[in-house]
Amino acid sequence: MADPSVCCHPCATCLLCLYSCQWIPAKKEKRKGLRTTKCDCTWFLFLFCVFLFTLVWLYFTIIILNDFHNFNEFIFKQRKLWLDWSLVLLIATAVLITYSTVLLVLALCLQLCGQPLKLHWLHKILLIFTALVVAAAFTGLGIKWAEEWRSARVSLQATGPFLHIGIVGGMTLLAWPLASFIYRTRNTGLIVFLLLVYSMVMITLYLAPLGITSPCIMEENQLPPKPALVGHRGAPMLAPENTLMSLHKAVDCDVQVFETDVMVSADGVPFLMHDEELTRTTNVQAVFPERAALNSTAFNWTDLQQLDAGSWFLERRPFPTVSSLSAGDRAQVAEQRIPSLQQALQAAKQSNISIMFDLRPENHSDYQSFVNATLEVILQSGIPLQQVLWLPDGFREQVKQQAPGVQQIYGRKRLQNEKEPLLRVNLPYQEMSSEEIRQYRQDNISVNLYVVNQPWLFSVLWCSGVSSVTTNACQVLKEMKHPIWLLPSSTYLMIWIVVDCTSFLAILWAFLLLKKCSRRRRPAESETDVLLTKINSLMQE
């Protein structure tokens with residue numbers, strides 16, 4: 001393989017130094033016998049695969065940020081340690097993708113400059129380490145958080161058209177080092193193989209939009225109404241979850257439903273609490289250290305009222321928005337206590353919003369008494385029953401009989417032989433496709449999906465026609481007046497054609513230009529070879 005340099009020697013020397021961790025002047029690399037071997041090519045291929053592997057993980061990292069608060073809660077339950085692990089994940093991913101990207105750019109630049117690809121052993125070890133870390137991350141994701149694979153499917157509906165443009169652009173740029181390599185190598189079989197593979201990949205990419213579907217590819221006049229907002233435990237980014245302050249902050253965000261979780265104290269008082277233990281959202285370890293690990297239902301209402309349900313919010317900062325709270329909000333946070341269901345119903349009634357709740361824990365031996373106590377509070381509160389959305393499945397028929405005005409919402413899809421038609425469903429956003437959402441909408445079934453925090457996800461569900469979404473970020477979604485993007489099919493078709501044609505012309509130009517440059521270098525190389533041969537003959541004489 002001939003390796004004529006096409007860039008300045010100082011630049012080539014610096015590139016070679018960074019890639020091979022050796023200070024070898026570019027002029028001397030031939031004298032030292034440095035040439036790209038099959039082993040070097042194998043390491044370059046491995047580097048390229050690691051880069052793609054890490055890039056895919058970066059994409060997954062961005063996608064799972066929507067649900068990462070659940071992961072933080074999971075770690076706290078297991079280790080009693082609160083940390084915003086999303087920040088750790090982002091930093092680690094950024095380091096890995098930056099390292100692999102820099103190495104790949106160095107390798108491509110060396111190829112364009114006609115320099116050997118001698119990867120240093122330290123880089124080889126770090127590349128293997130990067131591949132193992134990313135593989136471990138994907139494995140852990142598949143074992144502990146398998147539903148995120150379905151989140152990726154949803155995300156492709158939002159990013160598919162733009163990923164296509166980005167991948168076509170990246171593969172188009174790859175034509176330059178590929179053409180440079182082809183015009184330098186003398187292995188005909190390798191040239192044919194590389195051209196066939198590259199051509200097949202590009203043809204596949206050019207035709208990929210035939211398989212890309214997105215609910216946001218539609219005409220403006222076909223866009224469904226904006227989904228209503230359901231405050232997940234209130235407005236947990238602005239106030240401690242499941243508190244009256246959180247409810248009022250949610251009202252300020254124009255939510256139509258306050259979603260919460262209800263438990264019943266040992267003396268029969270329903271109260272708002274998500275976790276079975278009180279350690280995450282109260283100071284129970286300071287007030288009742290010997291009872292901190294007990295179930296929330298083991299405490300009577302008098303004990304629960306002694307707990308601080310707000311200070312943890314300022315100390316642990318479960319969301320970045322906590323740091324931007326005003327002094328008045330911080331003082332109000334410190335005053336929060338665990339609210340009873342009666343207090344929450346009164347606040348919802350005054351604010352004219354609905355309340356949806358789950359009754360926990362479902363496997364408790366006294367669950368029926370929990371249902372009775374909760375129903376009694378609802379009926380005595382004076383709230384219009386149509387503002388109460390009943391989510392628990394246990395003893396649902398009893399609830400229908402005692403409080404027929406309560407709205408029933410189901411945490412499952414409809415069945416084929418449904419005795420009575422479902423009017424409302426509440427499901428994770430991963431469990432319903434755009435086609436199912438549209439079908440439910442046509443059948444006048446209200447669909448609420450949870451938990452939706454990122455604007456890109458809200459946009460996809462908006463275009464799909466979902467009725468409402470449960471969110472932690474009501475203050476963000478409230479400000480959205482339009483989906484992030486909306487393209488008529490004719491406009492997308494035009495973008496598709498322009499991108500493919502531009503890419504094809506750029507690839508053709510790269511190959512023709514580098515072919516012309518290679519022809520110019522060949523006479524000079526031939527003259528140099530003749531001169532070296534004569535000098536060698538004279539020295540032998």
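Glycine is treated like the rest: Cβ placed from N, Cα and C.
Features reported for this protein in TrEMBL:
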type: DOMAIN; residues: 227-481; note: domain 'GP-PDE'
type: TRANSMEM; residues: 41-65; note: transmembrane segment
type: TRANSMEM; residues: 85-113; note: transmembrane segment
type: TRANSMEM; residues: 125-143; note: transmembrane segment
type: TRANSMEM; residues: 163-183; note: transmembrane segment
type: TRANSMEM; residues: 190-212; note: transmembrane segment
type: TRANSMEM; residues: 493-514; note: transmembrane segment
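For the transmembrane segment (493-514), the residues of the chain that approach it from at least six positions outside its boundaries are 161, 164-165, 168-169, 171-172, 175-176, 179-180, 183, 202, 206, 209, 487, judged by C-beta separation under 8 angstroms. Each of 85-113, 125-143, 190-212 was scored by its Cβ pairs under 8 Å to the transmembrane segment (163-183), and the highest score goes to 190-212. Taking Cβ pairs closer than 8 Å, the transmembrane segment (125-143) reaches residues 43, 46-47, 49-50, 53-54, 57, 60, 64, 92, 96, 99-100, 103, 149 in its own chain, all 6 or more past its ends.
Mean pLDDT for the domain 'GP-PDE' (227-481) in this predicted model: 96.
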